[in-house]
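If you look up TrEMBL, you'll see G97, K98, A99, L100, D101, T119, S120, T121, S122, S128 marked as NAD(+) binding site. The glycerol binding site annotation in TrEMBL covers D124, D171, H250, H266.
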Amino acid sequence: MGADNHQIVVPSLLDVRKGNLAEIGRLLGRHQFKKVVIFFGMGLTDMLGEKVFASMKEAGIDILETKEVSDIDIDSVVDHAFQLPFQTEAVIGIGGGKALDAAKYTALLRKWPFISVPTSTSNDGFSSSNTSLTIHGRRISVHAKMPYGILIDIDVVKNAPECFIYSGVGDLVSKITAAEDWIFEEQNGHTRVDDCALMLSKKAVNSFVRTDFGTIRDDLFLKELVDSLTMAGISMEIAGNSAPTSGSEHLISHALDTFSSKPQLHGIQVGVASYLMSKVQNHRYERITKVLQDTGFFTFAKTVGMTMADFDMAIDRAPEMKPMRYTFLHVANYRELAHQILHDDPILKDILA
Ligand SMILES: [Zn+2]
């Protein structure tokens, strides 16, 4: 492998605060943007448009076009990207997954900066260079580009349904098991861990799991969650791959997505799988248990109807999801242990039908 020289790009605009959506114009003006296009998630123009438009107007920024995104088929995204005015200086995505995915890919195609404005914090996608698009009917993760800017209004993410907050919690604790898989992979001669990416990803999750909170809608809790998910996204950029943020627990979730009759939000599947894998790895499962218990994640996960049979199948299919990697689940003995824990662990027996 040896030395590589991939370019690391980190966001230049990073603003996580209460009420900053009303200041989006000023924040973009600070970076000299004068002409922008905005992609909204479905229904969000009505909900947030007025505030955004007023702020842009006040800052003297022209909005050349706005669009609500429902379709993330790669062909439609490409087609639309090349109809946008050439004067555009930045593409802003405001929404949950799809608006950000479409805006990120459009920004890549037209070589414009992408400004990521997530309205919920269900995973680390808002701060990563990956985008998820539909290709021939299947949702596929495509490498795109790092956001030039990330702007998150704590008041907005606070009002998102609790499932999105829990999904973010699940995706974040997964960095604990992902790191362990990555180290395991190097110990077995399959890769070289990027020290800096590993440090960043560990710091991100540790800062979060040590934060005191009353409820999951506390401002400080949400700010920690968002900041840590952002750092996790950046650790991927540093590593040049997703290993620092995605290990065996993600493979279980990817597998569930391929066959489950009722796939759940990414971070909900990943959170449960992280708990399972922390027991398989025999690594920091007390900490993961405490966070998932104290936040109410387990109680929520129990309500969505995930099944033990699906998890059994996902454990077996996990290695196929990324055959080139070497996580704990790529080893038959650990898959067997995972099945055993799945059926014996009182928490998993309680959550899964
Ligand atoms: Zn994830």
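Backbone N, Cα and C define each Cβ position, glycine as well.
Close contacts with ligand 1, defined as a Cβ under 6 Å from any of its atoms, occur at D171 among the binding-site residues G97, A99, D101, S120, S122, D171. Cα distances from H266 (glycerol binding site) to the binding-site residues G97, S120, S122 are smallest for S122. Listed in sequence order, the residues N123, G125, G170, S174, T245, S246, S253, G267, V270 complete the 8 Å Cβ shell around the glycerol site centroid, once D124, D171, H250, H266 themselves are left out. In this structure, D101 (NAD(+) binding site) is part of a helix by DSSP.
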